[in-house]
Amino acid sequence: MSHRKALLIHNGNAGNKNIEKALGAVVPVLSHHLDEVIIKQTKKKDDAYHFCRSIDDSVDTVFILGGDGTIHQCINAISALERKPAVGILPGGTCNDFSRVLGIPQNLAKAAEALMAGKKTSVDVCQMNDRYFLNFWGIGLIAETSNQINETEKALLGKISYFTSALRTVSSAASFPMTLKIDGEEIKEEAVMLLVMNGQYIGTNRIPLPDASIEDGLLDVLICRNTNLTALRELMSMEQGSIDRFTGELSYVQASRIEIETDTAKKADMDGEVYTHTPAVIQVLPQHIDMLVPANE
């Protein structure tokens, strides 16, 4: 694969020893294959976003060394660019959920080698109002759990893995009414959680949605109704299988556009970041960004 000049963005909040180890694993590999590698370290929350917004035409690839939060910032900047560089994800976070969908090795050195020897594929990006996400958007239980944890728990578990851990112990959740317009068809629902997905993993757990794909131009919409959460727990622990067994408790549909309204504004979780709320309009931007993937994907 031919690359001229790349930008490598890495999370500066990972601790000095961790940063040195991570850079030591990937920089020699990238430097061997690239004419030039510019390394930028994030220090403040929005740095990754601003680094990507200011990319010039000479940069043809952006490598993101970090977790799902850093990737989320970069994708929000790159998705709005007229000329978009290719993106390579180097999994350096707690969950690294989207990298799992792409089949990227979770070992950093192996990931760098696989991407350099790999190929490009065009993936869908989802747009929510004026923001973008790669993996998922959710309201209800997932947003409430992510928003309530303290900094120590975040550091130990990561926001989304904390959700999956809490899901194993929480006995019930309050349901809420919502009105959905799915590709123009309006339905009213009562649910404990609504997930709108592009990826297939949450907190390293694969959700076995039968038709999920990151290049089909469709959202995967999961409505979770059962307040005792048994069905949701079972679904997230299944390696494979059919969602049909949860009829009545869970509903799964695909759509290119969904509008969500709730009686009162509900906080929304996008790729592990809780900073938006309902109402929301979500649509797919088909094959919007080129990503590097291993050759066998």
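Each residue, glycine too, has its Cβ placed from N, Cα and C.
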Among Thr42, Thr121, Swiss-Prot assigns to the ATP site of Gly67, Asp68, Gly69, Thr70, Ile71, His72, Gln73, Thr94 just Thr42
Apart from the site residues Ser213, Asp216, Leu218, the 8 Å Cβ neighbourhood of the Mg(2+) centroid comprises Asp124, Asp211, Ala212, Ile214, Glu215, Gly217, Asp220, Gln254
Check: min Cα-Cα distance from Thr42 (ATP binding site) over recorded positions Ser213, Asp216, Leu218, Glu273 goes to Glu273
By Cα geometry, the one of the recorded positions (Ser213, Asp216, Glu273) nearest Thr94 (ATP binding site) is Glu273
Going by C-beta under 8 A and a gap of 6 or more residues, the same-chain neighbours of Ser213 (Mg(2+) binding site) are none
Check: min Cα-Cα distance from Asp216 (Mg(2+) binding site) over recorded positions Asp68, Thr70, Glu273 goes to Asp68
